[in-house]
Amino acid sequence: MMFVPVQPLQARLQLGRLRKDDAMGRRPRAPRERSVPGPHARSVLRRTRLSPISMSSAAGAGAGGSYGERNFDKLEESAKKTEKKVEGEGVAEDPNEKKTKRWRIRIFYSIFLGYATYYFTRNSFTYAAPGMRAALGLSLEQLGVITSIFPMAYGVSKLLAGILSDQFSTRVFMAFGLAATGVLNILFGTQSTMLGLCLLWALNGVFQGFGAPPCAKLLTMWYPKKERGTWWGFWNTSHNTGGFLIPFLSGYAVRNFGWRYGMYVPGGIAVVMGLFLFDRIRDSPEDVGLPPVDPVDQSEREKAAPKDGDAPAAKLSMRETLFKHVLSNPYVWLLALSYFFVYFVRQGISSWAYIYLLDFKGVPNPQDAAFRMSGMEIGGLLGSLASGYTSDKMLRGRRIPVIIGWLVGLIAAIAALWYVPVGMKYLNWLAIFAIGFFIYGPQMLVGLAGAELVDKSAVSSTIGLLGWIAYLGASVAGYPLTKIVTNFGWKAYILALMAFSGVAILLLLPMWSLGVVPEAVLTRQQVLAGFRPPCSQCAGTGTVMRLECGSATPSQSLSCKYVEDVCPWCDGTGVNRKAAVAAGN
């Protein structure tokens, strides 16, 4: 007896493949292995074979003459034609699945290229500054004032932009912000007065805050939680990519055309990329006719949807969203405080480790110190990818244990930088590589954990709040950290970095168990929301077809027919019982 899953009143029949050696006693497959999917089943299962009794009948009809053999060949040819038809009609890939994959790729490369371009217009000043100093006669202190304006404006902007991004289209928000930074870079290149330079660079910091919150929201809207860490890790490398390319791009323009073109070229690229983002990005799967990426989201939306005759639910205001989903969540504040210390360490390394190598370690020349520092960006890129993959694949969506593990590694790497002798050039490079590896992982995952802690309507607000507090930590790694070095020496610098990493670990420990994503069972929330996993054998229909074969006749090798029956794997319920029981239903 054999069962073949079908949709009610819409069976797709397929005869099994006949082979001559089957009649010689080949062992039949189990019914589960012989299942053929119905027309809407999403997995291609193995093809069916006829039972040994039927094959014996066919062999008996063909024994002793060529008549049975010819009919055997005709039946096999007919079975192949039927199989080909079924493959074309009943096992077609779900069109929504293909469309979803296509859109996910499109969204990802759009935000990756877009955020990398944000770094073009963010770091362009760094490589134009030497030319500005020579051409405009600016002092080092004046360049320092321009440099200090940017992080202050950017930190406040990231908070406000995050809140606003939850109320408006992320597509428009990100595209407009990038185009605006491009225009401001171009205008910056036309200025020669200190007032104009400071004003335009402060405005650039404001619009730079329009980049990260929309990307965070798009990643939560388009990618399921079980894969989100990996995608977030790949996206997080976009700023490494932008930071790696801008020295070549802006540096070439400055050398060949002057410092103003070091601003014009990145600005022009940003304007074009802003138009590109507006064309390519869509806010959510629903905007293109696709279901939400997480099933529980769909269940919650259906539950919250107004019934017939009811007034539609009012959308929460900006203030209500901020207070209900962000400010009242204690875990968001724990993440924010830990982010403060993570960014302190990150900024403390990136800003002062170069000088530490020259002044304290005694590296003989700036080129040698620059080589050792080059390991940080490479390590950061790999650390972001590895932390996202680890949290997704090895810990099933648990971000906090990965962050804590990376911070422990960071403390060890900072200690290694202190103890490795200056003469061991490549070990110093490896220590800084390890620091980059272990600092960029938490820098990426804290933002992801914050985005997953709140409702999707408040993701950008959460990212904005986290970013604002993070950049407060980065600002403390400036003047206050220099005072520590001045008063207590470089050993205090190393100890401060290690201590701040330890404080971040202590703040994260209460959230150790957050974020578990089940692999094959439903969560309690999904069960309460009414979601039920469909039976994979009958595609959720609860019915299968039983193949019955009669005895052979002189004019017909086989006499078979399909009879509709209850699916034995789900007892006709159409529900995956194992997943439902594991969830406690």
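Numbering starts at 1 and runs along the chain as it is shown here.
Cβ atoms here come from the backbone N, Cα and C positions, even for glycine.
Heads up, TrEMBL stuff is auto-annotated, nobody curated it.
Quick look at what TrEMBL lists:
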- 19-35: compositional bias 'Basic and acidic residues' (COMPBIAS)
- 298-310: compositional bias 'Basic and acidic residues' (COMPBIAS)
- 107-514: domain 'Major facilitator superfamily (MFS) profile' (DOMAIN)
- 19-69: region 'Disordered' (REGION)
- 288-312: region 'Disordered' (REGION)
- 103-121: transmembrane segment (TRANSMEM)
- 133-156: transmembrane segment (TRANSMEM)
- 168-188: transmembrane segment (TRANSMEM)
- 231-249: transmembrane segment (TRANSMEM)
- 261-278: transmembrane segment (TRANSMEM)
- 331-357: transmembrane segment (TRANSMEM)
- 400-420: transmembrane segment (TRANSMEM)
- 426-451: transmembrane segment (TRANSMEM)
- 463-481: transmembrane segment (TRANSMEM)
- 493-517: transmembrane segment (TRANSMEM)
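Contact between the transmembrane segment (400-420) and the transmembrane segment (493-517) is supported: at least 3 Cβ pairs lie under 8 Å, counting only residues 6 or more apart in sequence. By the count of Cβ pairs under 8 Å, the stretch nearest in packing to the transmembrane segment (168-188) among 133-156, 261-278, 463-481, 493-517 is 261-278.
Over the domain 'Major facilitator superfamily (MFS) profile' (107-514), the average per-residue pLDDT in this prediction is 84.
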